[in-house]
Amino acid sequence: MPKPLELPFVTRPCYDNDFPSLSAHSELNARTIQMIQAQDVKEDNCTTYTPLVDMLHKKGEPSQTTGPGSQVGRFSQDVKEDTCTTYSPLVDMLHKKGEPSQTTGPDAQVGRFSQEVQRGKSTTEGIIEKGEYENSDFQHKGFSFDICEERSRSVVKLKSPLHVKNRAMRNERKRHMVGDNIKIFRPGMILIKGYLSLMDQVKLIMSCRDLGRGPGGFYQPGYGDGAKLHLKMMCLGKNWDPETSSYIDTRPIDETKPPPIPDEFAQLVKGAIQECHDYLESNSKVRDARNVLPSMSPDICIINFYTKTGKLGLHQDKDESQESLRRRLPVVSFSLGDSAEFVFGDQRDIDKAEKLILASGDVLIFGGESRHIFHGVSAIYPDTAPKALLDETNLRPGRLNLTFRKY
């Protein structure tokens, strides 16, 4: 009886007249042979094994061969020499431990597949492309974090239907028209539900992603005793140092200077405050809304990313300048992604604190009499981010929070 075919040790070119001989081997059935014959890619009297690789490699994407001579989906154009092709790339890929194939003979190309991976990714591998700062020294020092997951080309996600997005936009406009989206919790503390449109949220997330992967980007802050905060953080305008509870120009951990606040961010902040002023003067019969909630043009921002287990204890925002604190200029908070349980009160006592839910797109403002409230995040509600937002951004599970202030 003929010896069963052992694919990992094929080291010579394969021609059409070889296929009948394969049928004698018990481990390669007729259907497999037909698939190989039907899909083989011929080039200069040589046949690549791309179709066979597609069939055997369970996790890979199908090669997109489109006809004779097509190079699409192949490992590399380098996997051929003149009129014959060696198959160590196939061997390397199928080898469980990823070791170079030990082929012998004049045409053997030991370890060729690993070299090809270094030069470029194969579509059959479905390898996720790394971000711009993925291989930089900056990231290797642990000072970079990507808030969005890279999409694998082997995964296809269905986006939310257009009518779902349109309905959400109509609901946003309707709430803004009737004022149902605004709730006053105490003088100077106002919540605007759904103030940030889907497009605003997408732009904010993608901008934060770009900023967060660069110098001065996301890192996990901590204290001198080794304790770490349960979140990732970056600053804009000035750096807030948790060790000294103060704002400084550069970040001590890596001596980077925070990026400035993008103008688009600042305009959204001013717009939210103005909407509160309009509401107070028209619905609450307040003569001068600025006495209740002062106007503010932000020059500093702290951006926090909470995972599903993230939290932040009760604290006061009191590290800004004496002038800012004296004028009781407001803190403006943007929520993106998963919903969070926000706690607040007049004392640093979680048992006496009030709670409210901040969903993606919500803006919370506290200034005036409420400027010095104790506040924190006690819980993140997993899987509550709008699907349409995740479709557009691929934001990691968790909550992205931007808090704006005037230093």
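Easy rule for this one: first residue shown is 1, then count along the chain.
Cβ atoms here come from the backbone N, Cα and C positions, even for glycine.
Automatic prediction, not curation, is the source of TrEMBL annotations.
Copied over from TrEMBL:
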- H315, D317, H375: Fe cation binding site (BINDING)
- 297-407: domain 'Fe2OG dioxygenase' (DOMAIN)
Quick one: give me the count of other CB atoms within 10 A of the CB of H375 (Fe cation binding site).
24
Please list, in sequence order, every residue of the chain apart from H315, D317, H375 whose Cβ lies within 8 Å of the Cβ centroid of the Fe cation site.
L314, Q316, K318, V331, I373, F374, G376
So, by DSSP, how many helix, strand and coil residues make up the domain 'Fe2OG dioxygenase' (297-407)?
18 helix, 50 strand, 43 coil
